[in-house]
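What TrEMBL records for 1-13 is compositional bias 'Basic and acidic residues'. The compositional bias 'Polar residues' annotation in TrEMBL covers 14-25. The annotation region 'Disordered' is assigned in TrEMBL to 1-25. Sequence annotations record features per position, and here TrEMBL assigns transmembrane segment to 62-84, 90-112, 133-151, 171-192, 204-225, 245-269, 281-304, 333-357, 378-399, 419-441, 453-479.
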Amino acid sequence: MSNDDLKGLEPKANKTNYVGSDSEEGMSTMTTVHEDVANFVGRLHVAAENKRQIGVLSASMLIFNRVIGTGIFATPGSILALLGSPGLALIIWVVGSIIAAAGTAVYLEWGTGIPKNGGEKNYLEFIYRKPKFLVTGIYASYIILMGWASGNSVVFGEYILHAANKEVDRWNQRGIGLACITTAFIIHGTALKWGLRLQNALGIIKLIIVFIMIICGFVALGGHLKTDEKPNNFSNAFEGTTGSAYGVVTALYNVIWSFVGYSNANYALSETRNPVRTLKIAAPTAIISVSIIYILVNIAYFAAVSKAEIIASERLVAASLFRNVMGPAAERAMSVFVALSAFGNVLSVIFSQGRLVQELGREGILPFSRLWASNRPFNAPLAGLFEHWVICVIVILAPPPGDAYNFILKYNWNPPIKATLPVTVFFLLSNMYLVIAPFIAPDDPSQNQYKSMPYYIHCVVGIAILVAGAIYWLVWAVILPKIGGYKLVRETHLYGINYDPATSNNREINTKHCVPTENITFIQIQFFLTSEARSQSGSGSDPLKLIGASSPAENDVSPVLLLPPTTVLSEPQLPPILFFKHITSHNHDYTRQNITAIMSKLLRLRARPLTWGSTFTARQFSTTRPALAVRGGSKLFKDADAAVADIKSGSILLSSGFGLCGVADTLIGALNRRGRDSLNSLTAVSNNAGVEGKGGLATLTSAGQVDRLILSYLGNNKVLEKKYLTGELAIELCPQGTLAERIRAAGAGIPAFFTPTAAHTLLQDGEIPVRLDKSGAVVEKGRKRETREFNGRTFLMETAIEGDVAIIRAWKADKEGNC
């Protein structure tokens, strides 16, 4: 979304007459402003959803097109040559399907856990955090230097030439391959919608092709072939099996390469509608379908084509299938369809790789990062697509002609990450095997897949790419910062729109010191008001309540107020700040009380991501600690004493735990160290008051720092009982569930609620005294509850308990107070 787009999304100026008006219009200004905000946010949401163009079908086709490229059409010949028998070849395809299913489970878990563009980069950064940025540099090298789309571009050229009955030579195959990758680059770089539509159409064509191939297999099994010689591959399926470790691992490489793409939808989750639901449906559906199709297509090959012919046909085994079942004319026609299948895969690959490069640019990892991060001018990552196009051109042209496709096959493999333990272990071991085994020399030199390059060349190139990434990290993240006297840090950058609802000509977009909109990852709207805007006379309503927020306490200077959770948006390219000034209600001017929407998690390097998309929570600050008083907006302190230093006498303290479990003893100890002179007259709210001499709130009650307890359970605490009976302590009893709901209601802005609990008990009429004097006489009676009948039952009205500060026991917390 460009800055021009933002102008069109600004809230409209309020036409209400504000000056000295006693009319209904004049009294509803804050309501109108709230509607402006709501309408604006709603239009932002619509704009965001309009940019999310990938649904379940498109996500499935992204995976389907990426997985079914040319592997199933081009690799069965080389796999059979390496293994020697159809039986072992089918087993390897089944093993490959299981590995792909494990990989899908891994990526499904990570994709639904971190639903944003970037794929493995996000997952690896989350796992391997030290040395800082090392895995980022290695992954960047892996993405930048790999020509994923080049292999299928080469096969596209080969099948087109075969369909035209032209001899394949060194340059005509590569020339057509270059035309293929260039066309894909232009389509996805200039017309995103049409690129997705073409991908979907080619995916459907691909499905038709493989189903025709499967039908041909059943026809062949029935004995209906155009050739006199029957293949007889199933009469002795394991005849000729070789025991070469090199052959098995290389064949498994080819099978896994045929499944590569199950993670393809993970690279564009920020452009996916309802990404979690979409991925949960699309990924398993696509990979299960592909696994079944692959097994059936291989059975079709072995049913229609002899073993010797499959090996001799190399990458044209699909053409041999059609020739043997339907004749030479069908062979050429189906070669065109296989070429289209390859083109669909190229479209799918370059689509995802361009977005990975863009994500690296968004985070400042690449030089000239704004160029890579941009979506201009066609709302597509043109620079990222161009980078992948350049690498593919180099990979297509560089290797010797006979080795280009096989080389591209061998250096593509995926890192294992995390899923359930059995799946993780299996996926990890399978990947470790694929890393180590290729270094074992083939027993028979004829098994070497390369004609003029050493058998281990793909291993060396793969390691070189990782080493190049480590070197880049060393220069970029270690050496240059030391030489330049700076360090790489994660920052949040903001930009805004100034808007005065009372003055239509006071609008401008402030882009000074701004990052481009392409770099925006998340938006959360919050409101900051000073306490002067809190009270309002004349209209009889609180303006803050009209915008869906609670009033700040009297002693708050700048409380934090949040819009409802529905206004939390997570979409790239949204404007992060809105300033609303000169807000007037009735005769009262609230000029300069900036209601400011704050952008969180704007991720760039030197303006780099704070973290991968953590959830944003509506958080309340205690009334004794205004938001802006917390250093840097953080709720973290160096120790417990610092955390409780500003809690004032008379505060309402919400305390976690029951008995001695889940009690925040460290913070209670810090409160106790403040002493009675510094901290007293506390109202403590908890399930119970701890155990005398062992911990819990009893530490504070015995020190005389607590004046009132609101409890659900008194127990057999004799010391506490004595303090109550002698008037040293006030105690309010409340049922446990009601107590929890009273606290929750305060957080939700609900002043009171009705419950049937405690109806017709002593609590209903307030017959349990709250405070006694030293003689045992009642000083403060219990609160009598208002009662109502609903559906013939008696309900009591309970009021909310608004705490000033909460202390909870936790193992770990972040600076936003999430524990």
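Quick reminder: no glycine exception, Cβ is built from N, Cα and C everywhere.
Worth saying up front: this structure is predicted, and the values here are computed from it rather than measured.
Here the transmembrane segment (378-399) does not lie next to the transmembrane segment (245-269) in space: the count of CB pairs under 8 Å, restricted to residues six or more apart, is fewer than 3. Counting Cβ pairs under 8 Å that are 6 or more residues apart, the transmembrane segment (281-304) and the transmembrane segment (62-84) reach 3 or more and are in contact. Same-chain neighbours of the transmembrane segment (133-151): 69-70, 120-121, 124-125, 127, 177, 181, 184, 345-346, 349-350, 353, 356-357, 360, 363, 365-366, 387-388, 391-396, 404-405, 408-409, 411-412, 465-466, 468-470, 472-474, 476-477, 488, counting only residues six or more beyond its ends whose CB sits under 8 Å from a CB of the stretch.
The stretch from 62-84, 90-112, 204-225, 245-269, 453-479 with the most CB pairs below 8 A to the transmembrane segment (333-357) is 62-84. Proximity of distant same-chain residues to the transmembrane segment (171-192), defined by a Cβ-Cβ separation under 8 Å and at least 6 residues beyond the stretch ends, is recorded for 53, 149-150, 152-154, 156-158, 160-161, 198, 342-343, 346-347, 350-351, 354, 378-380, 382, 385-386, 388-389, 392-393, 396-397, 401, 404. Comparing 62-84, 90-112, 204-225, 453-479 for CB pairs under 8 angstroms to the transmembrane segment (245-269), the maximum falls on 62-84. Long-range Cβ contacts of the transmembrane segment (62-84) within its own chain (Cβ-Cβ under 8 Å, at least 6 residues beyond either end) map to 54, 92-93, 151-152, 155-156, 159, 199, 202-203, 206-207, 210, 240-242, 244, 247-248, 250-251, 254-255, 257-262, 264-265, 268, 282-283, 286-287, 289-290, 293-294, 297-298, 301, 307, 310-318, 338, 341-342, 344-349, 351-352, 405-406, 409, 447, 449.
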